[in-house]
Amino acid sequence: MGGKVPALIEAQVEMGSVNELEHKSLFRQEEDATQNKAASLMEQGSLSRNFPEHTNKAPKNSVVQSIKIVILSNKLNLLLPFGPLAILLHYTIDSKGWVFLLSLVGITPLAERLGYATEQLAFYTGPTVGGLLNATFGNVTELIISIFALKNGMIRVVQLTLLGSILSNMLLVLGCAFFCGGLVFYQKDQVFDKGIAVVNSGLLLMAVMGILFPAVLHYTHSEVHAGSSELALSRFSSIIMLIAYAAYLFYQLKSQSNSYSPLDEETNQNEETSAEEEDPEISKWESIIWLSILTAWVSLLSGYLVDAIEGASVSWNIPIAFISVILLPLVGNAAEHAGAIMFAMKDKLDLSLGVAIGSSIQISMFAVPFCVVIGWMMGEQMDLNFQLFETAMLFITVIVVAFFLQEGTSNYFKGLMLILCYLIVAASFFVHEDPHQG
């Protein structure tokens, strides 16, 4: 009996310590959930980055250190010399094909660094302004190329470039993310937030509606005022789409984190990566200066790029539609492509969707109507009539992607199907002669 009492006391002590550990574990889980809630905006939404609150930890870099961090820290920047080389060839050799190719390659690292500088600036602005910055600069390469093309009166190049960016993000970028993620986690289906995917699909369908109706009005010859009703409808629809996109941003940044919660514990796995990215690498003014420099350099190269498009089409014997829809968007989407695949291979599908589908929404609901309004200001008759072939291509693509997203799961087979769909789209534009080019 005497030997049992100490054993009983010892057992009670062990039970007490187990309960205490369980209590600590539960407390830690609640704390982790609170930390993850702050990071859930990126996971659940379509803005392409997770922006922290204001930070006071501004690094003090010298000019040399800043150049080293921004320019020399990324292997993709090895392509930067191709930009000056393109400008040199433009004035020395009459070869539009080479100028176009080198400009295209030279812009690729600039597009990626623009995203980096925007992300760094967002550390100092907080999540709301950071989200707006990302919406503006996330696709600034496509916007700059489009504005230069508008300035040159190349309305079809603008339409086709923006269309190609949407198709590339929805089929190629998302497809590669699903495929690579599925190969890494081939024994299971990866999971993402189905509710957010449905909302994003609805936004893409709204964009299709805005682009579809002017084309239908044109091809049914049912305009009240021939030649002007289609343009007036396009401008009105563009303003509505910009208002809808502004409301979507407000919803994303203010309301959504309270309206949605992660489906299960698997969607809370970004704690480690978010902890690693807490401190900025460059200061606020460095970020602003680099954004200005990179934007100016992209603008300069875009001028030579747009000027060489028609010459490249003739010298390579490739349709301008193929160059605009397939080749140009690959430049602007290079950073998104790499980011989406990286997130998928870490089993963070919500982040991949935020990059791929989020960029498609930015282009279709912001960049396209924005270019219509800018064209209106320039006196150019830029409209939302992308013509029958292109509009049908966009409509079918959005429907296909919406079907793939409706289950809330992905695997390598779905990724492969999306990639194969993109190859069909690319082949279609390779044999498509645009009768409205001009």
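For all residues, glycine too, the Cβ spot is worked out from N, Cα and C.
For reference, TrEMBL has these:
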DOMAIN    98-253  domain 'Sodium/calcium exchanger membrane region'
DOMAIN    287-429  domain 'Sodium/calcium exchanger membrane region'
TRANSMEM  76-93  transmembrane segment
TRANSMEM  99-116  transmembrane segment
TRANSMEM  128-150  transmembrane segment
TRANSMEM  162-186  transmembrane segment
TRANSMEM  198-220  transmembrane segment
TRANSMEM  232-251  transmembrane segment
TRANSMEM  288-306  transmembrane segment
TRANSMEM  318-344  transmembrane segment
TRANSMEM  351-378  transmembrane segment
TRANSMEM  384-405  transmembrane segment
TRANSMEM  412-431  transmembrane segment
Beyond the flanks of the transmembrane segment (99-116) by at least 6 residues, Cβ under 8 Å: 48, 70-71, 74, 76-86, 89-90, 137-138, 140-141, 290-291, 294-295, 297-298, 301-302, 304-305, 307-309, 311-312, 323, 327-328, 331-332, 334-335, 338
Long-range neighbours of the transmembrane segment (232-251), counting only residues six or more past its ends (CB under 8 A): 47, 131-132, 135, 203, 206-207, 210, 213-214, 217, 225, 361, 365-366, 368-370, 372-373, 376, 382-385
Structural state census, the domain 'Sodium/calcium exchanger membrane region' (287-429) (DSSP three-state): 121 helix, 2 strand, 20 coil
